[in-house]
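Participant: Could you have a look at this structure, given as structure tokens, before my questions?
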Amino acid sequence: MSRSLDSARSFLERLEARGGREGAVLAGEFSDIQACSAAWKADGVCSTVAGSRPENVRKNRYKDVLPYDQTRVILSLLQEEGHSDYINGNFIRGVDGSLAYIATQGPLPHTLLDFWRLVWEFGVKVILMACREIENGRKRCERYWAQEQEPLQTGLFCITLIKEKWLNEDIMLRTLKVTFQKESRSVYQLQYMSWPDRGVPSSPDHMLAMVEEARRLQGSGPEPLCVHCSAGCGRTGVLCTVDYVRQLLLTQMIPPDFSLFDVVLKMRKQRPAAVQTEEQYRFLYHTVAQMFCSTLQNASPHYQNIKENCAPLYDDALFLRTPQALLAIPRPPGGVLRSISVPGSPGHAMADTYAVVQKRGAPAGAGSGTQTGTGTGTGARSAEEAPLYSKVTPRAQRPGAHAEDARGTLPGRVPADQSPAGSGAYEDVAGGAQTGGLGFNLRIGRPKGPRDPPAEWTRV
């Protein structure tokens with residue numbers, strides 16, 4: 001184990017040696033990763049022929065995220081009944097070269113059966129989900145699991161919820177019973193409820209707990225972990241990479257020249273856009289540094305005060321989204337891997353967002369909002385910033401938890417960059433409103449302005 005620990009410490013020392021150049025170095029590395037990905041596609045090293053076929057196009061959630069042919073998951077179960085072999089998913093190899101992960105998109109309404117065919121055929125025991133059903137007012141994943149006393153039937157698969165509980169304030173753990181042709185299996189699902197799309201969590205702690213619990217539930221079996229978010233690339237890639245590095249550490253396989261850049265390149269060659277943004281790449285460095293520091297600190301008394309000696313990659317998670325001018329403000333002493341405390345974003349009176357009805361938030365100057373639980377009150381927001389949301393309370397509420405704001409982010413979490421993607425990139429559940437006639441979004445408005453009094457009032 002000492003050799004692996006020495007490699008981990010060497011990695012941290014290299015980070016520390018970068019000093020103030022850290023931001024520029026990571027930006028350059030991520031730019032190189034993007035360039036390599038583009039070159040692989042241009043040279044045909046990573047092709048997407050299957051996903052581009054007319055019969056498969058509608059099975060892709062996003063038209064620009066197609067599975068690589070070289071590593072794509074090929075379904076054989078139920079093919080004799082006329083079902084296709086296609087699903088938007090790729091295998092990713094683990095530290096021992098086995099097919100350790102299936103990185104896939106969040107199911108669409110018409111690909112639910114394909115998703116469960118995948119789970120059943122490859123013996124998946126644990127599913128890691130890094131998104132919500134609705135995010136920023138857009139449908140990001142079809143619900144493929146059962147709810148309490150509401151079994152889900154899709155094709156020949158019957159899914160029943162056995163129990164659900166909160167692993168921590170961010171992670172929901174569900175135990176599902178899946179029955180197919182009179183055979184039943186248990187499948188566990190871990191859902192990260194507050195990871196913003198194209199952003200990062202405020203701290204790695206709960207994500208590391210999620211990965212650790214997934215491995216505990218998985219046991220020593222060879223079955224792959226099924227990992228997905230909405231597109232199955234950005235957040236999915238972060239989870240796969242963190243677990244991959246953790247397995248390197250546990251199996252004492254950290255090489256002396258360990259490079260997170262090389263690990264992400266491996267992921268990218270197997271699943272398109274794995275670790276999708278520079279912010280996610282920075283967060284990945286933060287997470288791995290914390291993992292290594294904790295391991296060194298627990299393994300040997302010679303590594304005392306390791307947190308203070310670690311590379312100052314970030315003062316805290318706010319570094320990822322703080323303007324450079326603000327970073328010049330003096331901060332209290334402490335290294336990157338101290339206990340991270342991030343100021344919470346303003347709470348909102350709205351509950352979790354599960355429906356979009358084009359109801360505007362309060363206009364600017366409307367005053368502060370109400371408090372929910374122990375969350376802070378929300379200030380007035382401009383009409384341009386007000387999202388389209390309706391207040392719909394979720395079925396399961398974690399005990400004593402904060403109400404989440406309209407963007408699906410906990411008041412104790414700092415929302416990351418949530419800028420919408422280009423037109424056509426997402427499935428918008430608000431796009432089906434009728435433009436003529438009356439409907440839920442087109443009600444008769446209250447008459448405005450003074451009106452003449454009724455004729456009866458003027459009679460003598």
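The backbone N, Cα and C atoms fix where each Cβ goes, and this holds for glycine too.
Pasting the feature list from Swiss-Prot:
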ACT_SITE  C229  active site, phosphocysteine intermediate
BINDING   D197, C229, S230, A231, G232, C233, G234, R235, Q276  substrate binding site
COMPBIAS  364-378  compositional bias 'Gly residues'
COMPBIAS  449-460  compositional bias 'Basic and acidic residues'
DOMAIN    26-291  domain 'Tyrosine-protein phosphatase'
MOD_RES   Y389  phosphotyrosine
MOD_RES   T393  phosphothreonine
MOD_RES   Y426  phosphotyrosine
REGION    361-460  region 'Disordered'
Participant: Give me the count of other Cβ atoms within 10 A of the Cβ belonging to Q276 (substrate binding site).
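Facilitator: Around the Cβ of Q276 (substrate binding site), 22 other Cβ atoms lie within 10 Å.
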Participant: With substrate as the bound species and D197, C229, S230, A231, G232, C233, G234, R235, Q276 as its recorded binding residues, calculate the greatest Cα-Cα distance and give it in Å as a whole number.
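Facilitator: 12 Å is the greatest Cα spacing among the residues binding substrate.
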Participant: Highest Cβ count within 10 Å among the binding-site residues G232, G234: which residue is it?
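Facilitator: Selected residue: G232.
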Participant: Let me know how many other Cβ atoms fall within 10 Å of the Cβ of D197 (substrate binding site).
Facilitator: 26
Participant: Provide the number of Cβ atoms within 10 Å of the Cβ of C229 (active site, phosphocysteine intermediate), excluding the reference atom itself.
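Facilitator: That number is 28.
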Participant: What three-state secondary structure does DSSP assign to G234 (substrate binding site)?
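Facilitator: Its secondary structure by DSSP: helix.
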Participant: Validating a neighbour-count step here. Other CB atoms within 10 A of the CB of S230 (substrate binding site): how many?
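Facilitator: The answer is 27.
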Participant: So which other residues, same chain and not among D197, C229, S230, A231, G232, C233, G234, R235, Q276, have a Cβ within 8 Å of the centroid of the Cβ atoms at the substrate site?
Facilitator: A130, C131, R198, T236, G237, A273
Participant: Along the domain 'Tyrosine-protein phosphatase' (26-291), what average pLDDT does this model show?
Facilitator: 96
